[in-house]
Structures are given as structure tokens and as C-alpha cells.
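I have placed the structure first, in the form of C-alpha cells, so that the comments after it can refer back to it.
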Amino acid sequence: MSDYKPTLNLPDTDFPMRGDLAKREPAMLKRWQDMDLYQKVRDVTKGRKSFILHDGPPYANGSIHIGHAVNKILKDIIVKSKTVSGFDAPYIPGWDCHGLPIEHKVEQLIGKAGTKVSYKEFRAKCREYAYTQIEEQKKDFIRLGVMGDWENPYLTMNFQTEANIVRALGKIAENGHLVKGFKPVYWSVVGGSALAEAEVEYQDKTSLSLDVRYAPQDEAALLAKFSAVEGEGKVSVVIWTTTPWTLPASQAVSIHPEFNYALVEVDMGLGKERLILAEDMVASVMSRYGVTDFRIVGRTVGAELAGTVLNHPFLQRDIPVILGEHVTTEAGTGCVHTAPDHGVDDFNVGRENGIGTINLVQDNGVYSDAAGEFAGLHVYKVDDAVLEALNRNNALVFESKIFHSYPHCWRTKTPLIFRATPQWFISMTKEGLLDSAKHAVEGVKWVPSWGQNRMEGMLNNSPDWCVSRQRTWGVPIALFINKETQELHPETPRLIEEVAKRIEVEGIDAWFEMEAEELLGADAEKYSKVTDTLDVWFDSGVTHYSVIDQRDELSFPADLYLEGSDQHRGWFQSSLKTSIAIRGVPPYKQVLTHGFTVDGDGRKMSKSLGNVLSPQKVMDTLGADIIRLWVAATDYTTEMTVSDEILKRVADSYRRIRNTARFMMANLNGFNPATDMVPAKDMIALDRWIVDRAALLQKELNTAYNEYQFHTVNQKIQNFCSVDLGGFYLDVIKDRQYTTQKDSLARRSAQTALYHVIEAFSRWIAPILSFTADEIWQTLPGERGESVFLETWYEGLEELTGDEAMGREFWKQVLEAKVATNKVLEAARSEGKMKASLSADITLYCDDALQTTLNRLGEELRFVLIASDVKVLPLSQAGEDAVATDLDGLKVHVELSKYTKCVRCWHHREEVGKRDAHPELCDRCISNLPDGEGEQRLYA
């Protein structure tokens, strides 16, 4: 038996079958860093139309989690897809560096500022700590394959950025939006500071629920306000509260002017008494009390009760009944205990009625001496003392526990209180900021589109923004206030600029260490220097001004902001408000949001559940490209499900892409595009078709990338690999690739097609599978640039014109016939009739149209169907042994070839064994030997 293997063109490539990504990716990263790839991309794209994706800064504390990975990968996919689409798309990563979590960490290390260490030392340690956290996070982001200016990120603690944050505050003040007020704000007793809406998250909490009696000072006068009064027993107004700690600050009871109120006779264990409740609430309240024996003995309307004076349940304090539109009948009794210190509605209705605040709770949540018997107690631990006071005065009607959603600090995860304090606010109404922001939302493109409704909903409920914090590590509110008038210094714009210039040199210490006399001279004694710091949401919210405006490679407004869906209430909103306040226009043209990551069971990831999936671990085992492919393959507009099992499936789909690329490159063995490329007009028809398919797909992918439909990109690429290439084209060309002469048109045409496709393919996957794409790029034949990321969409894909006899519709019909025939072949194989399709002779019984189509391929139809012999006959000649297929107008008969197999091409042909020189070969293979005439192909 002769060895004909040397006469075959066997595939060969240095591109390994196994990705081994966890080991191979770090070397690729080092190569990118050594060649300064990001700067090379900037140089290549300079002068193109820009696309600015502005990075929402993660907080500089702790290791990155899978949510961080999702966010950064989505951004990277967009930046890279814009670059390959012909844009100049710089990416400047950023970090949010000030605020409470870092203060807490530093306190654990060196103690509290002002006690254990000086404030200046404390700030220096905070800065140092933030830098260490940034470096750790940066390493992981880079390891994910995210390309950006990692050597020059923006940090909100950079001196220049801190100075520009102060300047932004000055602009907002100059435009009339900054006001000082005394209002209840969310207050963290752990942090000792105010919080803005964006820093609040709701968690379930069990609270003590109390119904409390407020007795009237003049019972007869109160009863006179009711009609047809009956019954007996003492009278009291009943309030319901889930915050017993606010009762010492109770100063009024609010009722709704238009609600009907009932006098209810009932025995709650102290004998008969008469309770005043909203009439609509009587049934539900009595049910809650577990009481069935009660009756309504009088009625009135809320407005009639205004002015009634009640006694505080356990303090010597007059409690007026006041009217408030905020009162509802959704829960409680319809009578609302009102503490202006501890609620926005309470504060507002109190102010309308001339009731101020009494400030019984200190910064740390402990009652002051003015709270009498509660002095020194913490608001979290006062329930028992309040209960004792109520019981002592027979004021407790009913006690229970309630499980409800309660505001918590998003950083410390501890419950918050409302507390009235003097604070700085960005007013939503003084200069029409809120209305302007609502109007601006309409001009922004929201992805998904429901983001617009969500943002509008957030704005509709948006109070004045409390931007002041009582912290040490933060950008200062660098203002001077007149001690008498409480007005800003008349030269505030000039003073802001003076301070900003100093901060550029010394950082925020410049303000905190500065004496007022240095700027104000003799006027210093008339002014007080504000010691508050800015909300960190202000820091990040003004980066459109403090960063985008300051970096030459960026431009305002940004084309895109992209963050998690929680940022409608966070960064998207703070950025919008500050941009409108400074410039009157939104800071972004488009806003894209992604969902949160959950485990395979749809549960939020948490250490307590043990379901946290570490991106670092995945990178060290499967590789970053697997995480990147998972992100692209997942619909980011909803919750993003991830688990080890899901990532294994992603790894399987990755292998399909890798193996497809490897097959194409292996079959480019010996191909030099400079000398071996076949012009389109001379290419085999099937090869022209696959290039046309790639050209059409490239357009579709470009559209999908531009619309941020990355799961569509993935689906289309996977489909191209499994259907167009793996399921058809690559199978068909194997014979031509392996068996025709090395330099034949038949082989070089297929190699030309493969070269065009893989050139395009490497660019298609580059935004998603960045490591793999550049690995492919380094393996491709021919002269090329240093990296795939320096390229744009491949321009060598030539579409079919539509005039060809073998155009798109022709190949569509051929492919349909092949799929239908393959099912019959597969059935024959599974029944044991044959082992391989090449051992089959096939007869196709076709209707006239299909017969005409398939006959155009002539003898080459057998190569398309990968069979040894194919006949095409009229459908009318089909016998009972012909199998009907899914394709109308086609029946198929398959039988085992009676001829001997050619040892070189494995086709079964009549002439095998009849040629003395090469008895084991078919005539075609004899012709394709190096000294033969060579086979001619036209179609397949």
C-alpha cells in the first residue's frame, strides 16, 4: 500500500487548540503593556470623530466583585467596538476616593481624627489607604483585559480634581442653586453625618410598633366638636408609630382636614374609653388590636379638630392638633404624631403652624440633657425606656412588632434616622433646577428605554439635595458665611478661585489648615469658615466639569454614561443635576444601565449565602475571556445570572469559536496573502458566497455593536461558526483543501476566502474576546500591524452583486437541500447502514425548480453533499424507498456505494483499482498528484 499522505495539503497551525487562557492571558497583557498599546491606539485614532464614554468611578475600597467586572467589561466592549468602527474612543478610568468607608477603615488603623491623631495626619492616612485600594482594583481591571489610560486615571482625590470640585461648587453657588437650611435629613448616627437620598438603601427591619393615647386638656371642648356623642369613658386621640425614639420630640398631632374622624367606645383593659381615629381606619385598627366589641359613638370632620390642645403622653408639653395633607389612611390611625426634628413632612407641617425644632438628639444618636429622663440614652436602645414611660402614664394602647422596609446607610448598612440639622442644599426649586432637569431627560437616549421613566420618577420625588457632610476626609465646602446675616461672602467667586488654586498645590489640607485672615484680612472676624465637606455624590457628580473639561482627550458632553440600574438615583442623577446647575444642559447624550448579578437560583450574591463568585478566581481558572464572553452573551438589561455551571457552558461556546478560528488558520498553511490571493472574480462560487456571508454579517455586527446589543453580537457569531462555517462551508471545502494540488486555483480560492473571513473574524470578536482575538492576530499569515486593536473593520469582504447565477438565493436553496439530505444520511448512519456519508450514493428526487438549481452544480454537487456519487432525478420518479424530507419538493434515497474507497480522498469510485500506476486511487486523485494535470473546480 502506497503512502499518499505527503501529497495531501494537511492543516497545520501554531494556534493551539486549547485556550489555556488562565496561563496565556498574562503574557498577552505584558505584551500589550510593553508595547504601550493604549497609547498606540490613541496615536492611530487621533483626528477621527470622537466617542466619549465617561467612567463612573467605583469606590476605592475593597476588592472588585463580579458586578465591577460586568461594568468594566461592558464599557470595554463599547470602547473597543467604537474604535474598530472608526472612532477615537479614549477611556479614562476613575475612582471615587473620599467619604465614610475609608474614614472607618483608617479609624480602625490609627484611631479617630482629632483625638488619637491630628486631622491633617488622618487625611494623609486616608489618601494613602485610598491609593493602596486603587492599585489592587486596578490590577484586577487590567487583568480583565480592560484597555484604558491606567497610568493616568482620574481620582477624585487628585489635587487638581479636588480643586475643580470646589470650583464646580462655586459655579453652582454663583448660579443661585446653593442654599443653607435647617431641615431633617437622613442622618447616620454611626458616621455622625448627613446622607443624601442616593446614599440610602432600604432593608427589612423589625421595629417596635406602638399605638399611643394623647389625652385632651379640655375633654368637654373636644367632645363638643363631635355630633350626637354617646358612650362613656375618657377621651384620647390615638397615634401609631414605628419609631418610638421620636416620641420625646413629639410636638403636635396631625390630622387630615377632609377625613371623617370617629369617636370609638372600646375597652382596652382600663375600662371603657373613647378613642379618636379616622373613621376609615376603625375596622382595621380594631382588628389589629384583636377587639370585636366596639362601637362608634360620635363623628366629626378633621378640620373641626384643629386647635385642640392635647397633653404629651409622658412629658409636660402642650400638643396642638394641626392639619396636614400628608396624613393618609394607608396605615396607622389617621392621626399622626408629629416631630419636626425627625421627618420631612413633620418639619414642613410644623413650619406652617409655627412649630420649630427642639434638637434633642446629638450627632452620635444619643439624647442630650434637654431630653430629661432619656438623656444619655441612644436612639437605638431607648425602646424599653419609652415603653416604661408610656405604661407609667397609662398612655400605651397597643404594642406589637412590625417587619418593614427601613432606610439604611448604603455604606455602613446601619439604620438611619431623620434629624434636623443646619445643612447646605442644592435647591431644586429656587432657580427652577428640578424643572430644567426633568426637561433635559427628554433629550437623552436611555438604554433600555425604561430608564427614562425611572429617571423621571426619581426626579418627581426629588427633594432639595443635602450636599454637606460633617466628615474629615472630603472636599471642603470652601465658603465664608457672614456671622450676622448668614449670607455668603459677597466676593465668593473670587475666594473660591483663590482656594482652588491653593488646593491644586496642597490638596484639601489647604482649606482645613488655612486661617480666614489669609484670605479675608481684617474682615475675617465678621465671617465664619464652613468646616463641612461635600457629599461624595457631589464629587463624582461633577466629574463632567472636574475631569471631562480638564482632559484634552475628553469632550463635553459625554456620548455615554454606563452604570448599574441603581445609578438612576445615584450618579446619573447627581451628574444631571450638577450639569444643569452649572451649564443648563445634561452631561451625557446616552445613558445605559445594566442589571445586578445573581446566582443560578436568582439570589443576590452575599457572603452569608456562600454564593459569591469571585472574578479573580474565574480569571485564575477559566480566564478573563470567559468572563467577557459571559457578559456579552447575557442580556444585561435584566438581572444577570452567573454560576460555575453557567460559566462552564460559556466555556463550551468559547471552544466553538476558538476551534472554528483554529480550523480556518490551520487551512491557511502555506498561504501567503501577498502572492497567493485569488481575485474575487476568479474565486470558486462557494468561496465567493462565504465571503459575501461574512460581509453581510459584518454589517449586522456593526449595527448590533452600535446599538449595544452584545448578546446579539454573540448569537450571530456563534451562529456563523456553527451553521455557515462548521455546518456547511468548512465541511465542504475539506476535500478541496486537502486533495487538490497545493497551488491550484481550487485550493488558493478557498484559502483566500478563509483569509478574508478570519481577518474579519478576528476584528469581530476583539471587543469581546480581546485576548483570543489578538492571539489569532499574531498567528495570521502576511504582514500586519502589531495588534488587532489598531485596526478597523476589515475592508476585504466583497459582497455578491446580485447578478450572479449562483447568488444568495441559489446558495440558500442548496443549503436547505443539504440540511434536508443530511437528516436522511444521519438516519441511515444511526440505523447502521453506513459509517460515513462518503460511503453513500445519493439520489435526489426534486421538483422542477430544485432540480434546475442543483443541476447547475453538475458533478460538483457530490462535494457539497459530501457523498461519493449524487444523481438528481425528477420528483415523479421517486420510488417507495425514497424518503420524504422537511423540504417541499425533495425526496432522498441513500444506498451504500458498491465501489472501492480511494485511500487518498476516501470517495468510493468505480475506477479505483483499475489504474495500474495507482490502483488505490480514483482518477481525480491521480490528477491531483504533484505531477498530474490538476483538478479543475468552478463551483464547490
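Each Cβ is built from the backbone N, Cα and C atoms, and glycine gets one as well.
Values in this document were obtained by computation on a predicted structure and should not be read as measured data.
Per Swiss-Prot, motif ''HIGH' region' is recorded for 58-68. The feature L-isoleucyl-5'-AMP binding site is assigned by Swiss-Prot to Glu563, with sequence analysis given as support. The motif ''KMSKS' region' annotation in Swiss-Prot covers 604-608. Look at Swiss-Prot and you will find Lys607 tagged as ATP binding site. Sequence annotations record features per position, and here Swiss-Prot assigns Zn(2+) binding site to Cys902, Cys905, Cys922, Cys925 based on sequence analysis.
Cβ neighbour density within 10 Å is lowest for Cys902 among the binding-site residues Cys902, Cys922. Of the recorded residues, the residue listed as 'ATP binding site' and Glu563 (L-isoleucyl-5'-AMP binding site) place their C-alpha atoms 23 Å from one another. The highest number of surrounding Cβ atoms within 10 Å, among the binding-site residues Cys905, Cys925, is found at Cys925. Break the motif ''KMSKS' region' (604-608) down by DSSP state and the numbers are 0 helix, 1 strand, 4 coil. Taking the motif ''HIGH' region' (58-68) as a whole, pLDDT averages 93 in the prediction.
Between the CA atoms of Glu563 (L-isoleucyl-5'-AMP binding site) and Cys905 (Zn(2+) binding site) there is a gap of 56 Å. A Cβ within 8 Å of the Cβ centre of Cys902, Cys905, Cys922, Cys925, the residues given for Zn(2+), is found for these other residues of the same chain: Thr739, Val903, Arg904, Trp906, His907, Arg909, Val912, Leu921, Asp923, Arg924, Ile926. Classification of Cys925 (Zn(2+) binding site) by DSSP places it within a helix. A coil conformation is recorded for Cys905 (Zn(2+) binding site) in the three-state DSSP classification, outside any helix or strand. For the binding-site residues given as Glu563, Lys607, the lowest number of other CB atoms within 10 Å of the residue's CB is seen at Lys607.
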